[in-house]
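**Q** Structure incoming, see below.
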Amino acid sequence: MASGAQLRPGYYSETCPKAEFIVRDVMKKALLREPRSVASVMRFQFHDCFVEGCDASMLLDDTPNMLGEKLALANINSLRSYEVVDEAKEAVEKACPGVVSCADILIMAARDAVALTGGPDWQVKLGRLDSLTASQELSNEIMPSPRSNASYLIDLFQKYNLSIKDLVALSGSHSIGQGRCFSIMFRLYNQSGTGKADPAIEPCFREKLYKLCPVSVDQNVTGNLDATPRIFDNQYFKDLVSGRGFLNSDQTLFTFAQTRPFVKKFSEDQKGFFEAFVEGMIKMGDLLSGKPGEIRRNCRVANRRPVEKLSES
């Protein structure tokens, strides 16, 4: 994985000076239309950057000769609001055709999702290219499931030079948005094959989850990821401390010795959480594959090109 040495703030200051304002405007409208959509868009950065770097590969639709990442195990029925990115791209293309990559739009939109819901705001580094292909197989191999425990997550993040502190701070992205019953059925009814609920779930919260997700539920029913799902704050960490984490991969951060100190710190220090979150997002945004790329005209499809030109791109 290459580092983001060529990325810099203000990358489009001459070629498309309004790019960041345009994307933020689209995100503001999306927030008013459907608050959950901005949380969904924020998660795109994580799902994109961990699979061959931040190159918008996850936005490519399947083609007859390529299985894209949208139907990968961690994404299918889970990632949503792709149309918000389409809107942002369309608006940016109107202002500056062929200049701003979809990969950069994802990075801007993730930052905007946080800033518009009460979280920190920061300068993003830009200058990424869009991938020419995507890989469902790689996404399946890499992306963690909601069942993941902290030691698995620590190892995964380490592969990308992201520390335990980065892991815990970035998990705080679950401060906004919702998760599906599908992701917690095993936690409620058969944790570790016991036929019982995860003992880490606080009893009153467990009853609430049983009501939300009974055995016969449509597993696409959603519940809040923390007690303030429309506000980006440190409530997520307070919930973990009190045993009210929605996903196993969240609650495990408090039950596991190496991650617990950071959960406790962030539950008591929102400013410290915000600073660590921004640092983690910037580090994650620096992940690049180093492969050839392009500026897609439409985020869902690679640009058409004559066959003989492929080797030159």
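FYI, residue positions are counted from 1 along the chain as it appears here.
Glycine residues also receive a Cβ, built from the backbone N, Cα and C atoms like all the rest.
A TrEMBL annotation is a machine prediction, not a hand-curated record.
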**Q** Identify the disulfide partner of Cys299 as annotated in TrEMBL; candidates are Cys54, Cys96, Cys102.
**A** Cys102
**Q** Based on what TrEMBL records, which one of Cys49, Cys54, Cys96 is disulphide-bonded to Cys16?
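**A** TrEMBL says the disulfide from Cys16 goes to Cys96.
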**Q** Under TrEMBL's annotation, the disulfide partner of Cys54 is which of Cys49, Cys181?
**A** Cys49
**Q** Taking the mean position of the Cβ atoms of Asp226, Thr228, Asp233 as the Ca(2+) 2 site, which residues outside that list, in the same chain, have a Cβ no more than 8 Å away, listed in sequence order?
**A** Ser175, Ile176, Ala227, Pro229, Ile231, Phe232, Asn234, Gln235, Tyr236, Lys238, Asp239
**Q** Determine the Cβ neighbour count for Gly53 (Ca(2+) 1 binding site): the number of other Cβ atoms within 10 Å of its Cβ.
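**A** Here the count is 26.
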**Q** Using Cα-Cα distances with a 10 Å cut-off, which of the disulfide-bonded residues Cys54, Cys213, Cys299 are near Asp48 (Ca(2+) 1 binding site)?
**A** Cys54
**Q** May I ask which of the recorded positions Cys16, His47, Ser57, Asp226, Asp233 is closest to Cys299 (disulfide bond) if we compare their C-alpha atoms?
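**A** Result for Cys299 (disulfide bond): the nearest of the recorded positions is Ser57.
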**Q** Mind giving me a neighbour count for Asp233 (Ca(2+) 2 binding site)? Other Cβ atoms within 10 Å of its Cβ, every protein chain shown.
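**A** Around the Cβ of Asp233 (Ca(2+) 2 binding site), 19 other Cβ atoms lie within 10 Å.
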